[in-house]
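Below is one structure, written out as structure tokens; the observations come after it.
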Amino acid sequence: MSEFKYKSSQLHIEGVAISTISKSIPTPFYVYSATMIENNFLSLQSRLSDLNHLICFAVKANSNQAVLRTLAALGSGADVVSLGELKRALHAGVPPHKVVFSGVGKKAHEIEYALEQGILQFNVESVAELHNINKVAIKCNKSANIAIRINPDVAVDTHAKITTGTAENKFGIGYEQALDTFVLADNLPAITVQGIHVHIGSQITDVTPFKAAFKRVADLYKQLNALGIDIKVLDLGGGLGICYDPENDSLPDMAEYRQIIEDELSEFNCQYIVEPGRSLTADTGCLVSEVIYDKLGTDRNFLIVDAAMNDFARPSLYDAYHRISPVLESTKPNKKYDIVGPVCESGDTFAVARELPELESGDLVVIQDCGAYGAVMSGTYNTRPLIAEVMVKNDAFAVIRKRQNLDDLINLDQIPNWLAS
Ligand code: LLP
């Protein structure tokens, strides 16, 4: 259930009016509902109840430690893809034995740190990586628990830039090579094979492709079993979508998703890992921005807001649709606006020809469903500092990431001595 609601014409997140937050925190900023994060987690957990499962939140979706801690307190593990994400997850209180380490390019120092911490498993994506993990583990006098990510060559209906499970993607080991790779792994001295990993893409709203992918996992399990290779963990990846556009999107059918897992995989008595990112946090956060100028033309009306593509990249990167709403409920007539940021690129556009009640300088708007792949994908293009993140719980709010100080950003540059005056 959404915690974003108008009360007395003011958009609230839980018990706090967004306009109250903006009195002490300059726009733009991200704000998340802690209660929604908790509810999303608990609802997935109850969906999977009675299945031996572990939810490992995909930290790449939202790596703020307050978010990670909120999830860890409910028992979540973490799916990390870098040393930085691993450290954040551990600092936030995720126990190492609930951490899986994915990603195609793990470097030796990252592998070493993860091994020392005693993580649950490495999700291996290539033969070269397998040899490297084995080498590092020998050096550390440890054995590395691994799953091998297979590429099931299953297409899903999502944006081309976020599909991952087809043969032309860089992810996983081709299905035809999977068996040989498992046999190789099983023979490496410092590798303990424990799982099969699959992840087919993101923002999946029709769950049927999971069936084809899990069928391949089941086939492989049987072949490995026949060879005496003992698989205990099936890591089913993430990918469940959310409804960004109520007029066009549907939500994934979670009962069907669970049924697919049961139908295809339950005979094996393995532990299931799932790695949801977007479905746990996307709808829990929004980006609050102030209208700097309106610019009314004969052809187009522009609203120039103080958030930009560097703060929130999804619309410019994927042409992603995000609902945009005024913070103050208004009875003014609607106008069609292109909502754009101040960055010097035409792609710095959040919405085109969007109907909103008339707005002017100083009005606040929220861009919705920014709680996943929002703040984490921001940058400092046009020398714009990273913006603040805020969390609301009931009637309280707190800054969970300070806005980056402009001087700190500028002072990262160094002038070589041949240029020093
Ligand atoms: N596991 C693996 C191995 C992944 O690569 C991903 C996402 C996830 C789990 C989590 O997927 P989710 O449940 O969030 O769909 N920046 C893009 C999304 C990129 C997803 C990358 N991998 C976007 O803003 O749509």
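Including glycine, each Cβ sits where the backbone N, Cα and C put it.
The shown structure was predicted, so the numbers you read here are calculated from the model rather than taken from an experiment.
Reduced to three states, the DSSP call for Arg278 (pyridoxal 5'-phosphate binding site) is helix. Around the Cβ of Arg278 (pyridoxal 5'-phosphate binding site), 25 further Cβ atoms fall within 10 Å across all displayed protein chains. The pyridoxal 5'-phosphate binding site feature in TrEMBL is assigned to Gly239, Glu275, Pro276, Gly277, Arg278, Tyr373.
What TrEMBL lists as substrate binding site is Arg278, Arg314, Tyr318, Glu345, Tyr373. Long-range C-beta contacts of Tyr373 (pyridoxal 5'-phosphate binding site), restricted to its own chain and to partners at least six residues apart, with a cutoff below 8 Å, comprise Lys60, Ala61, Asn62, Gly277, Arg278, Ala282, Arg314.
For 29-371, the entry in TrEMBL reads domain 'Orn/DAP/Arg decarboxylase 2 C-terminal'. The domain 'Orn/DAP/Arg decarboxylase 2 C-terminal' (29-371) scores a mean pLDDT of 96 in the predicted structure.
If you look up TrEMBL, you'll see 37-282 marked as domain 'Orn/DAP/Arg decarboxylase 2 N-terminal'.
Annotated N6-(pyridoxal phosphate)lysine per TrEMBL: Lys60, in sequence order.
In this structure the C-alpha atoms belonging to Pro276 (pyridoxal 5'-phosphate binding site) and Tyr318 (substrate binding site) are separated by 20 Å. Take the binding-site residues Glu275, Glu345: by the count of other Cβ atoms within 10 Å of each Cβ, the lowest one is Glu345. Among Arg278, Arg314, Tyr318, Glu345, Tyr373, the residues given in the record as binding substrate, the maximal Cα to Cα distance rounds to 27 Å. Listed in chain order, the extra residues whose Cβ falls within 8 Å of the Cβ center of the pyridoxal 5'-phosphate site residues Gly239, Glu275, Pro276, Gly277, Arg278, Tyr373 are Ala58, Lys60, Ala61, Ser202, Gly238, Leu240, Ser279, Leu280, Ala372.
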